[in-house]
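Q: Residues or ranges marked as (6S)-5-formyl-5,6,7,8-tetrahydrofolate binding site in Swiss-Prot: Arg26, Glu86, Arg125, Lys455. The domain 'TrmE-type G' feature in Swiss-Prot is assigned to 222-376. As annotated by Swiss-Prot, GTP binding site applies to 232-237, 251-257, 276-279. According to Swiss-Prot, the feature K(+) binding site maps to Asn232, Thr251, Ile253, Thr256, an assignment based on sequence analysis. Marked as Mg(2+) binding site by Swiss-Prot on the basis of sequence analysis: Ser236, Thr257.
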Amino acid sequence: MTLTQEFDTIAAISTPLGEGAIAIVRLSGTDALKIAQSVYKGKNLTQVASHTINYGHIFEEKRLVDEVMVSVMRAPKTFTREDIVEINTHGGIAVTQEILQLLLRNGARLAEPGEFTKRAFLNGRIDLAQAESVMDLIRAKTDKAANIAVKQLDGSLSKMINNIRQEILESLAQVEVNIDYPEYDDVETMTSQMLLEKTAHFEQLLENLLSTAKRGKILREGLKTAIIGRPNVGKSSLLNQLLREEKAIVTDIAGTTRDVITEFANIGGVPLELVDTAGIRETDDLVEAIGVERSKKALAEADLVLLVLDASNELTDKDLELLELSKNSNRIVLLNKTDLPEKIDSTQISGDFIRISALKNENLNAVEEKINQIFFAGEIEAKDATVLSNARHISIVEEALKALKEANSGLALGLPVDLIQVDVTRCWQLLGEITGEAAPDELITQLFSQFCLGK
């Protein structure tokens, strides 16, 4: 995107394309009001008060296109800090596309993906971490993932990072003064021991932040969960209960699920990417055999394994094989079909297990509790905590920590403070990439290109 494009007027459809009650076509830029007025009949939009909604009609010359409500928001109190117009039309592909084309013909440019949010960032309305949280909020699959995104949009992570960077900067400034003006007696000398204490403090702050990454990443991206078991033990029934809808075929015929079915479920605020695998068994059916191989691959890649056993039958060699195959995984063993007389010998199962009836939806809440225990130590969400959830942020904090550890190692070896300053400065610069203070232009462009059109 060139510099001249940054401040022209852009337009895009901000709601998903398709049939619906309402769609929104958004304009942002210096000429937003003038361009909207050129296709609108009603009150003069260039003269109405800011943050008002106005009733009128969109015309192509003399032909009526739609009856609309138009929101007018004047700079700088807008999302982009530019003039913004939002045209609320009747939902539908044809009418929204026609209105968008009218705006483009009258001087607007089609916005690039994420360009509205990018302008908010470039105009100082939000920082880079807050911009990324906008997309996290849009993509959140559970209320807890949304809560993390909202807190970051409100600036919780940015404030923490900025505070740490400020502390680091003050230490660096003191070192710099000592180096450049050694004759100054009124400035305290930063000794190796003093700097070691400070870098150890910074290291602890980042360690504490990084300790939230596992929980945050799971809540943001979900747990890849493989449902495995012999054919006809109730895997598809379990999938349907967890999804609260029928996605998999449930029959008494072994081998009904011949492929891998993937769906997302919200289990106590944790997004589970549920993979209902084909029953793992020996088979001559080529299609089913491919499904079995995919099942084994899903097991190897899973964050969580739900191993389903048929409690109404004795354990088979295949059951024992699956127990052995999954023993080193984050595994929950489920004894299904407890609505039938129990025949399974549970003493042959090492570790914990949960008795359930997928058919009757009995005791599935125990599965939720076990997931919480395995991945969150019983506390899925710490109130008011700043949580790292974005993979880019996690990687940066890890690199910043590495720089601090190198600084501490150098201090322990007796290296002079001015040499250690290089590693501490690198830590400060890396943390600036989270908020965008030190992010290269290429990174910023790449990040916003991942946004949806119209946001």
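Yeah, the Cβs are placed from backbone N, Cα and C, and that goes for glycine too.
If you look at the structure here, what lies around each of the features I listed?
A: Under 8 Å, Cβ to Cβ, and six or more positions away along its own chain, Arg125 ((6S)-5-formyl-5,6,7,8-tetrahydrofolate binding site) finds Phe79, Thr80, Arg81.
Here the domain 'TrmE-type G' (222-376) returns a mean pLDDT of 79 for the predicted model.
In the three-state DSSP scheme, Ser236 (Mg(2+) binding site) falls into the helix class.
Taking the Cβ of Ser236 (Mg(2+) binding site) as centre and 10 Å as the limit, one finds 23 other Cβ atoms among all the protein chains shown.
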Q: Compare the Cα of Asn232 (GTP binding site) against each of the binding-site residues Arg26, Glu86, Lys455 and report the nearest.
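A: Going through Arg26, Glu86, Lys455 one by one, the Cα closest to that of Asn232 (GTP binding site) is Lys455.
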Q: For the binding-site residues Lys235, Lys455, which Cβ has the most other Cβ atoms within 10 Å, all shown protein chains included?
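A: Output for this query is Lys235.
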Q: CA-CA, which of the binding-site residues Arg26, Glu86, Lys455 lies nearest Ser236 (Mg(2+) binding site)?
A: Lys455
Q: Please report the Cα separation of Lys455 ((6S)-5-formyl-5,6,7,8-tetrahydrofolate binding site) and Lys235 (GTP binding site) in Å, rounded to an integer.
A: 39
Q: Would you count the other CB atoms within 10 A of the CB of Arg26 ((6S)-5-formyl-5,6,7,8-tetrahydrofolate binding site), including those on all shown protein chains?
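A: Neighbour count, Cβ to Cβ under the 10 Å cut-off: 24.
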